[in-house]
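Asks: Features from Swiss-Prot:
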type: ACT_SITE; residues: Glu104; note: active site, proton donor
type: BINDING; residues: Asn89, Met90, Glu91; note: substrate binding site
type: BINDING; residues: His102, Cys129, Cys132; note: Zn(2+) binding site
type: DOMAIN; residues: 48-168; note: domain 'CMP/dCMP-type deaminase 1'
type: DOMAIN; residues: 186-294; note: domain 'CMP/dCMP-type deaminase 2'
Amino acid sequence: MHPRFQTAFAQLADNLQSALAPILAGHHFPAMLTAEQVSTLKNTAGLDEDALAFALLPLAAACARTDLSHFNVGAIARGVSGNWYFGANMEFLGATMQQTVHAEQSAISHAWLRGEKGLAAVTVNYTPCGHCRQFMNELNSGLDLRIHLPGRAPHTLRDYLPDAFGPKDLEIKTLLMDEQDHGFTLTGDTLTQAAITAANKSHMPYSHSPSGVALECKDGRIFTGSYAENAAFNPTLPPLQGALNLLSLNGYDYADIQRAILAEKGDAALIQWDATAATLKALGCHNIDRVLLG
């Protein structure tokens, strides 16, 4: 078990501990539960779906990287597939505050990058900020997405974001988590192809500036992130943050990164290179390359 989980794990009920122990074994638990695992945990612990999600929230929050605020937020995105995806907030010392990943963004991008097609609910241990409410409004689940908070009745995103502005106001039909493939040809080595594949998945209906990042760890593991734009622009999630989020959730550290590649168009309206390189260098990675999409 990764050390970050030990305190939260020790506070769980005994029957839930017994069921979770084999799942959490090893240093690189993927911070997700399959539908089958969720069903097993519910039956073993005698909890319904909502109660189980609340019980597991401390494990999600334990994944937070909060060197600046020391305020850990955890979230669990519940996919329509039945799979659950952990998320937690991330802050990057030496970068800028704008590079921060919020817990809801973390869980949602985690689900998206693992191929989830839609979300039924998000469980989070603190009220979503306005930034995250706007980010969630880009999803194909729309304002019907259920939000669950401790000590409160569940509400929909519509309740938390009245009179919402979103992609439909801009006549955008393809939403975040809808299937997208922009068709750029895969070239280069494995890591380069992974970055291009991530760029092909980008949600970028506002700038038409696709981008993807691939990070290679010293043990050969590769994590990718795809660009996810938002109708309100500022809640947009850059591709590097998506990749760093997956890397961290899987129990890796920034020091494990040995190489990074950004794939983007050289003549795009928005360019990720400078911000991507600056953030990676702040985290200690200097082996950074760029491949241009054509």
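Any Cβ shown, glycine's included, is placed from N, Cα and C.
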Asks: Which of the listed binding-site residues (Met90, Cys129) has the least company, meaning the fewest other Cβ atoms within 10 Å of its Cβ?
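Replies: Per-residue Cβ counts within 10 Å for the binding-site residues Met90, Cys129 bottom out at Cys129.
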Asks: Among the binding-site residues Asn89, Met90, Glu91, whose Cα is within 10 A of the Cα of Cys132 (Zn(2+) binding site)?
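Replies: Matched binding-site residues: none.
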Asks: Give me the mean pLDDT over the domain 'CMP/dCMP-type deaminase 1' (48-168), rounded to a whole number.
Replies: 98
Asks: Relative to the Cβ of His102 (Zn(2+) binding site), which residues of the same chain, six or more apart in sequence, are found under 8 Å away?
Replies: Val73, Asn89, Cys129, His131, Cys132, Phe135
Asks: Do any residues at least six apart in sequence from the residue listed as 'active site, proton donor', in the same chain, have a Cβ closer than 8 Å to its Cβ, and if so which, in order?
Replies: Ala75, Ala77, Gly87, Val122, Val124, Pro128, Cys132, Phe135, Met136
Asks: For Asn89 (substrate binding site), just count the other CB atoms lying within 10 A of its CB, please.
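Replies: So the Cβ neighbour count for Asn89 (substrate binding site) comes to 25.
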